[in-house]
């Protein structure tokens with residue numbers, strides 16, 4: 001049985017919950033950044049075996065605003081920003097003494113990784129894994145609106161009405177959005193691993209404040225996120241992973257692949273937003289081999 005260590009790291013007046021898989025080795029740990037904002041580390045537990053397979057610690061944490069970390073919803077406008085989440089990431093590295101890391105960001109976590117690398121130029125990041133993520137909020141929204149056109153006409157109309165009026169409470173909209181997310185994120189069925197189905201704590205206000213009411217209407221404080229042209233300056237090895245049916249469409253993934261000087265892209269057939277869940281064994285093997293090759 002692998003060793004699991006749980007810690008609460010002080011972060012200003014708050015605390016960050018951290019979960020460490022395995023014992024320290026001479027290989028750089030893998031640090032995981034979850035999506036959302038506000039999704040919590042839970043689903044990353046399906047990658048625990050990567051610690052053993054690749055001979056290193058795998059470290060995950062709940063970002064401020066969700067999970068077992070502090071949830072300062074009363075300070076949402078100042079707490080739930082890219083700047084604060086980057087400071088938290090820096091604090092996690094500092095508190096745990098993570099001089100050398102491999103960094104994996106899934107969905108919003110990939111945005112956080114790119115903001116961190118482009119704007120803060122940190123040292124000691126050996127490689128980057130961009131899991132179903134994006135370099136442009138605008139392209140992401142455009143692509144998802146293209147996918148919405150494949151929904152039944154009534155569902156398209158419900159989504160359009162919600163976006164036009166700003167009222168996302170109607171049952172018709174909620175049903176349409178749920179259908180869209182079943183198709184392109186992941187359909188939650190009882191046979192999925194427990195960490196994926198586990199009810200997450202908090203996170204909804206972090207999501208609304210940072211991103212917006214849904215995946216395709218980025219009206220939160222990250223709405224201007226645009227890093228496509230900055231990718232050319234990132235020379236570290238980068239592995240992009242995505243699914244054919246992903247919210248991260250092949251065009252979104254290709255826009256990152258084309259602009260990163262040292263990138264590899266693995267496209268998972270038949271997968272949505274979580275190939276690491278839907279093709280777990282294949283994903284673990286890919287990730288472990290990548291980490292070993294980049295040590």
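Positions of Cβ are set from backbone N, Cα and C atoms, glycine also.
Positions annotated as active site, nucleophile by Swiss-Prot, on the basis of similarity to another entry: 107. All protein chains shown were included, and the count of other CB atoms within 10 Å of the CB of residue 107 (active site, nucleophile) stands at 27.
Annotation source Swiss-Prot lists active site at 246. Reduced to three states, the DSSP call for residue 246 (active site) is coil.
Look at Swiss-Prot and you will find 273 tagged as active site, proton donor. Listed in sequence order, 107, 132, 184, 185, 186, 243, 246, 247, 248 are the same-chain residues six or more apart from residue 273 (active site, proton donor) with CB atoms under 8 A from its CB. Following the DSSP three-state reduction, the secondary structure of residue 273 (active site, proton donor) is coil.
If you look up Swiss-Prot, you'll see 29-279 marked as domain 'AB hydrolase-1', on the strength of sequence analysis. Along the domain 'AB hydrolase-1' (29-279), the predicted structure has mean pLDDT 98.
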Cβ-Cβ neighbours of residue 246 (active site) (radius 10 Å):
27
